[in-house]
Each structure stands twice: as C-alpha cells, then as structure tokens.
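Novice: What TrEMBL records for this protein is below:
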- 3-140: domain 'Aspartate/ornithine carbamoyltransferase carbamoyl-P binding' (DOMAIN)
- S49, T50, R51, T52, Q76, R100, H127, P128, C129, Q130, C263, L264, R291: carbamoyl phosphate binding site (BINDING)
- 147-301: domain 'Aspartate/ornithine carbamoyltransferase Asp/Orn-binding' (DOMAIN)
- N159, D223, S227, M228: L-ornithine binding site (BINDING)
Amino acid sequence: MVRHFLRDDDLTPEDQLAVLDLADRMKADRLAFTPLAGKSVATIFEKNSTRTRLSFEVGIAQLGGQPIVVDGRTMQLGREETIEDTSRVLSRYVDVVVWRTYAQARMSAMASASRVPVVNALTNEFHPCQVLADLQTIRERHGRLAGLTVAYLGDGANNMAHSMLLGGVTAGLHVRVAHPQGFAPHEDVLADAGKRAADTGGSVTALTDPRAAVAGADVLVTDAWTSMGQENDGKDRISPFRPFQVNAELLATANDGAIVLHCLPAHRGFEITDEVLDGATSAVWDEAENRLHAQKALLSWVIGP
Ligand code: CP
Ligand code: NVA
C-alpha cells in the first residue's frame, strides 16, 4: 500500500502522533536522519509559495535526498497532458511527489495513478502539511494537544479551516471555526471531522460569533480572507470578515497563555493586526520554522516501512 498524504485524516491519530514525535526529534538534531539517501522527490507548484517550497527543498536535502523543484505552470500538465499520465511518468523517475494545485480532485487523480507517495502541498480544500507544523507548534508552547481549544477565525470554507478541523480533531483538539455567514466549512468535512472527533475526544463547532469562539480558547488561528485563486470570485471578502480580525481586543478574551498562529503570508491590518502578529503571544515564526521539521517527519512516514 502506497502511503499518500492528501488530507489530514490520511494519518490515523497514532500515525499523526508518531510523525509529530519524529518532527520534534528532527528539530533537536536536524541532520541525524537520512531516510531519503539515494531518493529523489519532485515538488511541483501550480500556485505561488515561499515557505512550502523552501522548507521542502531544504528538508529533502537534509534527509539525504535530491529535491527537484518545478513550476507546474511550465509542465505539459499545464497544456494537454492528463494528470494521470503525468503521474505515471513521475512514478518512473521519483520516489515521492509533492504537489500544490487547485481542486482536491486533481490531487486525488494524481494519487490514483501513482506508484509512489503523493503529498498535498496545498489545494483549495486542504493544507495538511501546514497543520502538522501548527500542531507541533501548539504542543511546544502548551506541552500537550488533546483537550485544548483552538479557535479558527476567517474563511471557514478554505484549506486552512478544513485542515485545522480534520488535523485538529485527529490530535484530540476542540476545534471551533468562526466564519461570516456564507463562508461555513464544507458539510462533508464537518461530518468527517465530527466522526474522527468521536474517536479522539475532540470536538467540532462552526459558528458565526467570533467572541463565542474565542472565549476559553488556548489557540487563535487565522488565515487570508482571500485565498489564492479566489481573487475574482465576486464575493465581498473584506467587510463581512472585519469582526473576525485577530486583534488585541479579541485576543484579550481568550484564555490566559493563549497563542496566535497564522500560516502566512499575513495580510497585516486585515485578518490580523501588526500588534498581535508581532506581539508576545504570536508563535508564527516558530510555526513557519516547524514546516521544515514536520515535513521531514512526514516524508519519512510516507516512504517508511
Ligand atoms: N503557509 C504557506 O503554505 O506558505 P507558502 O504559500 O509561502 O508556501
Ligand atoms: N488559504 C491560503 C493559504 C496560503 C498558505 C491560500 O490558499 O491562499
């Protein structure tokens, strides 16, 4: 069985814990593991990227592998070649495919024809590598995961909201998604997260009151109000979102010791203020660093026995 990582719940709670534990070990001794020696990893980007691209390229090299970074917009995939045919060819060259693309259905099509693991480096629907780094960061700051409450504020239908729901409940978190009307998480993701939560002791709540979401929260998470590809979708992605801004006033209503996460890039003055992003409760730079460690651990898991 090829181990793909297409969405957060492709890791069982036990798998996720093993990956997070390995990520901590990778961080403590970043050159101690070389499971990719003699292996090549294609990392293909159809959307812009700073963190994901750089952290995978560095991480693959640190694991002893050869990273091949490709702008997917210049591949034949961008012309007439099908995803499945592309996948068959990639399987003959590389040992892992890491891909950032648009619809999740494209990711599933790549995996369906692949003989090697496929890793989701962001789709419209999910950003599971990011949430592994987020979980590593939360555990570093709070010393545990299960039982903590995470409040995500913003577009409840985007990749970060969906991945925080699925990845968060896998770790036993209580995940609240606060969103404007019309920007609720997809029903199927809520249902899948709810089922997983029943096994782990976590819980899932979607609501439209940001203050109710933040009351009693240990972690505040936000993300862009306009994700890549949504620039011209005709929706007002500013005014309905204003009450969901992560600012000092809202943060003051969270639990003592609450931390703030943002996957970045941040739109300062929109979803988050400078004061909070640059303030003492912000864990965003550690979160960005942890992309490297968490992805190295994930790559070890996908190629592992
Ligand atoms: N957080 C994140 O995925 O950043 P990039 O878009 O820069 O890769
Ligand atoms: N939701 C954002 C995340 C960027 C890392 C986007 O998809 O653009």
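Note that Cβ sites are derived from N, Cα and C of the backbone, with glycine treated the same way.
How buried are these features, and what lies next to them?
Specialist: Spatially close to C263 (carbamoyl phosphate binding site) yet at least six residues away along the chain are R51, H127, Q130, D134, M160, D223, E287, judged by Cβ distances under 8 angstroms.
Summed and averaged per residue, pLDDT over the domain 'Aspartate/ornithine carbamoyltransferase Asp/Orn-binding' (147-301) gives 98.
For S227 (L-ornithine binding site), applying a Cβ distance below 8 Å and a minimum sequence separation of six or more within one chain yields N124, D155, N158, N159.
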Novice: Please list, in sequence order, those binding-site residues from S227, M228, C263 with the Cβ less than 6 Å from ligand 1.
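Specialist: Listed by sequence, the hits are C263.
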Novice: I'd like the per-state residue tally for the domain 'Aspartate/ornithine carbamoyltransferase carbamoyl-P binding' (3-140) from DSSP, helix first, then strand, then coil.
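Specialist: Counting residues per DSSP class in the domain 'Aspartate/ornithine carbamoyltransferase carbamoyl-P binding' (3-140), I get 70 helix, 21 strand, 47 coil.
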Novice: Give the sequence-ordered set of same-chain residues, not counting N159, D223, S227, M228, with Cβ within 8 Å of the centre of the Cβ atoms defining the L-ornithine site.
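Specialist: Same chain, not in N159, D223, S227, M228, Cβ within 8 Å: L122, N124, H127, D155, N158, M160, A224, Q230.
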Novice: At a 10 A cut-off on CB-CB distances, which of the binding-site residues Q76, N159 has the highest count?
Specialist: N159
Novice: Given the binding-site residues C129, M228, and counting only Cβ atoms in the protein chains shown, which has the most within 10 Å of its Cβ?
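Specialist: Its Cβ has the most other Cβ atoms within 10 Å: C129.
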